[in-house]
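All remarks here apply to the structure that follows.
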Amino acid sequence: MVAEREYAGKYTGQPWWLIILRRVNLVIIGLTGSFVLYTRSAGALYFSVGAVICSLVVKALKRVVRQPRPVLRSDRKKPAYGMPSTHSATITFFAVYIPLACAYLPIHPSLPSGQAIRVLPPILMLPSAVVVAGSRIWLGKHTLAQVAVGCCCGAAFAVAWFHLWTHGANHYGRQLEDLFHPYTHLIVS
């Protein structure tokens, strides 16, 4: 009961949208997983794996750099490092990779054809990324420098990951889709 009151009290006075941004990673994971299952695309799976690897690389960098987060509470039992921001890196990975995919990759057969599928995702993703990265500062989780370095890491990783896809990995993706195509109806109908 006491823990519930402390938890509820922690967010008192914050706007509802900022409270939602505290757990935005769960929303993004859910949407990305749903997209992979809906499209049954090796390219979408490759993109998702890239986002996870980007996150893991940035988490490893945090352990090397060991720069603390902004001081909000003194009751933390273990040190929490903030350089670079993992949320900022991962959302920037999305914000860079998605426009590249929309501009340069063929439209997957599971998606509707047309110009909207090439234009809408980047238009929606870019402001979303700015809000998520900004929320790390507004919530007091990271400094501006930690967010900026996270964004740079995510952008660099997205460009490199996209380059790998367009320079050979897509060949294996097509083979993977061909191999699993007879069984994809079992995943999503």
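For all residues, glycine too, the Cβ spot is worked out from N, Cα and C.
Any TrEMBL annotation is an automated prediction that lacks curation.
From a predicted model like this one, the values you see are computed outputs, not experimental measurements.
If you look up TrEMBL, you'll see 20-38 (among others) marked as transmembrane segment.
Positions annotated as transmembrane segment by TrEMBL: 44-65 (among others). For the transmembrane segment (44-65), same-chain residues at least 6 beyond its ends with a Cβ under 8 Å from one of its own Cβ atoms are 32-33, 35-36, 81-86, 89-90, 93-94, 97, 101, 108, 150, 153-154, 157-158, 161, 165, 169, 173.
According to TrEMBL, the feature domain 'Phosphatidic acid phosphatase type 2/haloperoxidase' maps to 44-162.
Residues 24-25, 28, 43, 47, 50-51, 54-55, 58-59, 62, 113, 117-119, 121-122, 125-126, 128-129, 132-133, 135-136, 141-142, 146-148, 150-155, 157-159, 161-162, 165-166 of the same chain lie 6 or more positions beyond the ends of the transmembrane segment (86-107) yet place their CB under 8 Å from a CB of it. If you look up TrEMBL, you'll see 86-107 (among others) marked as transmembrane segment.
Feature annotation from TrEMBL assigns transmembrane segment to 119-139 (among others).
The annotation transmembrane segment is assigned in TrEMBL to 144-164 (among others). With a threshold of 8 Å between CB atoms, the same-chain residues lying at least 6 positions outside the transmembrane segment (144-164) that come near it are 47, 50, 53-54, 57-58, 61, 67, 69, 82-97, 100-101, 133-134, 136-137.
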* Structure fact -> On the domain 'Phosphatidic acid phosphatase type 2/haloperoxidase' (44-162), the mean of the pLDDT values is 86
